[in-house]
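Step one of this worksheet: look at the structure below.
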Amino acid sequence: MIITQTSHCYMTSLGILFLINILPGTTGQGESRRQEPGDFVKQDIGGLSPKHAPDIPDDSTDNITIFTRILDRLLDGYDNRLRPGLGDAVTEVKTDIYVTSFGPVSDTDMEYTIDVFFRQTWHDERLKFDGPMKILPLNNLLASKIWTPDTFFHNGKKSVAHNMTTPNKLLRLVDNGTLLYTMRLTIHAECPMHLEDFPMDVHACPLKFGSYAYTTAEVVYSWTLGKNKSVEVAQDGSRLNQYDLLGHVVGTEIIRSSTGEYVVMTTHFHLKRKIGYFVIQTYLPCIMTVILSQVSFWLNRESVPARTVFGVTTVLTMTTLSISARNSLPKVAYATAMDWFIAVCYAFVFSALIEFATVNYFTKRSWAWEGKKVPEALEMKKKTPAAPAKKTSTTFNIVGTTYPINLAKDTEFSTISKGAAPSASSTPTIIASPKATYVQDSPTETKTYNSVSKVDKISRIIFPVLFAIFNLVYWATYVNRESAIKGMIRKQ
């Protein structure tokens, strides 16, 4: 009996201890129990743990679950190797482009760089769904699990899809099966250039894209918003230093090859070169060199060293300018507008040098009565031939009258400046003798040396006038051509 009571008390104690341990807030001594790692208690942010929180319906969790099931169902049995509507209809891919930056343009490589958001839209009946949302934003990873157009750029040398920090791709699925696929691309594309009008040239740089494998019987392309609004360039998107972006023209082409016909979407960006750099670098130096070469016409023709330096220096300068002007251009086989200008300037400079050589070699020296005095020996003209007198007398007799002769010691003649009055010694002196009579004539005028050539006088007028006419025709021609091209682009 005692053993039975003892066992009963022992079992009662164990039950009490068990109840105390399972109570959440107390210990055996009535103090609060410390938190164990596995318990869920009230968090610092004020939220309740799932264990103690009331049952609140989570719509986002339900939507995620719903769309997960929708995607799993859509991709179940989906074959991304087959295009939409295979065997029934042609797949239409609508495209549009937003240009974030345009440039730079390389003249030597004949290419340009463009950064775009490239958007494609198409319809896939296999991806229709019913759900709480009409448009389902998707991760770019899903793009590898569905069919996407095999679009490529016909004139692209290199295209880069941006992947920082993740692939810059956007994919949206509408409940009717329409997909929007957007990528950010940097494209290096060819730009054929015709440089006959350089540097007043205008270029149309194309951007062409289309399907690589699907012909027009399978896939066709069209512009999403029409030809006028499907290509947009950001207002601050120009990265051009030497060009102005005049506008763009959108179109569609059909190309034919041995494998069939393909649709090609085209956009031509019209560029006008800025001429300011070339005016400062080439045109003004050429004009100044030509003017400098014509200064030699105003120098005396006896100034051989000075005029030679003018001619040779200007010719060498034009040669240097013509070489440097070609460095920024591709090595084309035809002459550009700048080449023609430099060639004409070179001809003017070289002609000035040839003109001096002609004047110096062929033109005879002319004499005039003005300018610098050059002494000449006076000529003795024998009026009456007779035998010379044997004895010099200090007197001579004219009609029975005797006159003394005043003989000067210095027989040289001094230079007489213009306008000086003749002296008494300049009058004719008659030397008389019984047998001979001589008359010595002194010049009443003195001759001067004149270095001005008639060819120089003509060149001073002809060369500047011809050069001015050439510039007038040259600039008027290219300015009018530029205006006509701009008007044509606006009409398009």
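Yeah, the Cβs are placed from backbone N, Cα and C, and that goes for glycine too.
Judged by membrane topology as recorded in Swiss-Prot, Q235 shares a side of the membrane with Y334. Between C205 and the candidates C191, C286, Swiss-Prot records a disulfide bond only with C191. Classification of N63 (N-linked glycosylation site) by DSSP places it within a helix. Sequence-distant contacts (6 or more apart, same chain, Cβ under 8 Å) of C191 (disulfide bond) comprise V105, M110, E111, Y112, H203, C205, P206. Counted within 10 Å of its Cβ, the other Cβ atoms near N163 (N-linked glycosylation site) come to 11, all protein chains included. Comparing Cβ neighbour counts within 10 Å across the glycosylation sites N63, N176, N228, the minimum falls on N228. Distance between Cα atoms for N228 (N-linked glycosylation site) and N163 (N-linked glycosylation site): 31 Å, as a whole number. Remark: secondary structure over the topological domain 'Extracellular' (326-336) totals 0 helix, 0 strand, 11 coil, with classes taken from DSSP. The list of residues near the transmembrane segment (337-357) in space but at least 6 beyond its ends in sequence, with Cβ under 8 angstroms from a Cβ of it, reads 196-201, 278, 282-283, 286-287, 289-290, 293-294, 296-297, 301, 307-308, 310-312, 314-315, 317-319, 321-322, 325-326, 455-456, 459, 463, 466-467, 470, 474, 478.
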